[in-house]
Each structure stands twice: as structure tokens, then as C-alpha cells.
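Below you'll find the structure, written out as C-alpha cells, and then a few comments.
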Amino acid sequence: MSVRLGIVMDPIERISYKKDSSLAMLLAAQDRGWTLFYMEQKDLYQNAGQARARMKPLKVFADPAKWFEFEAEIDAGLDDLDVILMRKDPPFDMEFIYTTYLLEQAESAGVLVVNKPQSLRDCNEKLFATLFPQCTPPTLVSRRADILREFAEQQGDVILKPLDGMGGASIFRHRAGDPNLSVILETLTAHGTQQIMAQGYLPAIKDGDKRILMVDGEPVPYCLARIPAAGETRGNLAAGGRGEARPLSDKDRWIAEQIGPTLREKGLLFVGLDVIGEHLTEINVTSPTCIREIDNAFGTNIGGLLMDAIEKKLQARKG
């Protein structure tokens, strides 16, 4: 099948060759003979009602010294592409939202966008998880200090975090008797002006925060456990955690079964579930990672699984 695949991502020259999941996807697409086109947010624009971009034909290589090569930039409508991977990392700011509007125009013109632009806007990675209370720890979302304090007192040991953070930034643990709850709440809620999340602390974090990758609603059979550094409560690799690939547990598969149908319904083809012990904590939809670590440990080809799912959807559209 001849496919023209575009990708919107952060600068490719700055990625980590060893760890970057977008590169794994591009290599898998190129292995199928698909034609690749590279874009950054700044390259997207709209003219006369058409979403367009200054895009560069791209070749990628499994070579840590040289992993990409551009051809001459072209100016084309996004509807010249069959599929676009939206792989721009957070922050989830207004520029991110404007990008989804432009991609939504391409989608209306017949392009498959992964993940679906509307769902990228709708599915906040922390709030989305609360739609599955059977899977999550005790969870509260509020900006009122009295409501948050009451929850903290009931739980005794809680994690407090912003709704828009990534990489473990601004995550606090509060235990009964700690004197600093007021300043934590003031800081995170910006003196009561921003909603935050509080969750019951999960001691199982010591054994790792598991990243489970979902491809079109089905779990990859292995996960990456991100184990906190000594003295830390955050498993995020960006916060100093280390990764350890593992097979999924029965509970992991059960959680995936609870969430999979909703992901398919919302056009979320590639998603990362964060699970601590037996509890779902977040659903990452913007630019999930950990493909390379799992592939290297178990010989999987997760990028290939995603391309299979994309090809299936493109064939279904063509009838």
C-alpha cells in the first residue's frame, strides 16, 4: 500500500536517538515503503480555508550518528497526505490547541490524524483517567483549599499534582502531620485560581510506575516500569527514575480492557496508560513514549503494530 505519512513533532535533530518513540514510528513506516514528510508546528498554516504546511520529505536511518536526512522543502496542502502523526510534546498550550484546529481541517478533508485532534483537546491526561473510577485510586479534583485539605485528612497520605504537568514536574507528597500542606496548596492552585488533582498515595510506586502502550485499544503485551530513584516518589524517567521492561500482569490487562473501547471510540490510536500497582493514574494521549525501551527488551516492533492499525484504517476508508 502506497502511503504518504506526515509527522508534526519537535525538532528531529534534538531527539534522543536511543529513546525517541517518534523515530521508531518513522522507521517502521519507512520499512513499509511509505513516503515521509516532516513538519514542526511553525510550518503549519491556513490559506483560503485550506490547511497547508511547508514540509520536508524525510528519510530516517537506524544510525545514532545520522538518523535523518531532509530533501528540499515543499509547500503543500495537508490533504495531499494520507495520514499525519501528531507527535508534538506538551506543553498543552494555546499553540498546541491551534495546531489541533489546523489538523482537524485536514481531517475534514479526508486525512487520518493520529491521534484525533478533537480527542487531543478533550482528553486531559489526568482528568481522562477519572472517567474510569473502577481503575483509579481515590481521586479528587478541586481548587478549594478546604476541600483539598479535607481529602488529605481522610486519606492520610496523598499525592498532589497540577492537571497540566509532565515528566513528574510539581508533584508533591503530603503525609498526615506534615506542616507544609498550606504552602503546597497555595503553590499548586495559584492561591485558589487553578484546579489540581489529589490522589491517595500508592505504596506500590516503589516497584515502579508502569507505562502500558495501547495500539487502537489493544495493549502491547509488555510494559515499561519506571522505578523511582532512592528517596523519590516519582517514577518518571525525566525525574531520575530508571526503566525496567516487564510482561503485563492480569490486572494490567484488565485495566486495558476497561479503557480500550473508549480509546477506539475517540480515535486515540496510540496511548500510554500509567499504572501504579493495580491502579490507573493517568492516560497519556499527546505524545506517549517508551516504544524503544520495550522493543529493545523484548524484540517487539510497536511502531510496526501502529502502522498495521493505520494501514487497516486507511484500507477501510478506501473500501
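Just so you know, glycine gets a Cβ as well, placed from its N, Cα and C.
For reference, Swiss-Prot has these:
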- 151-208: ATP binding site (BINDING)
- Glu282, Asn284: Mg(2+) binding site (BINDING)
- 125-311: domain 'ATP-grasp' (DOMAIN)
Statement: Three-class DSSP assignment, Asp207 (ATP binding site), comes back as helix
- prompt: What is the interatomic distance between the Cα atoms of Glu282 (Mg(2+) binding site) and Gln199 (ATP binding site), given in whole Å?
  reply: 11
- prompt: Cα distance, Asn284 (Mg(2+) binding site) to His191 (ATP binding site), nearest Å?
  reply: 27
- prompt: Just how many other Cβ atoms lie inside 10 Å of the Cβ on Val183 (ATP binding site)?
  reply: 10
Message: Cα-Cα, whole number of Å: Asn284 (Mg(2+) binding site) versus Gln199 (ATP binding site)?
response: 17
Statement: Here the 10 Å Cβ neighbour count for Glu282 (Mg(2+) binding site) comes out at 23
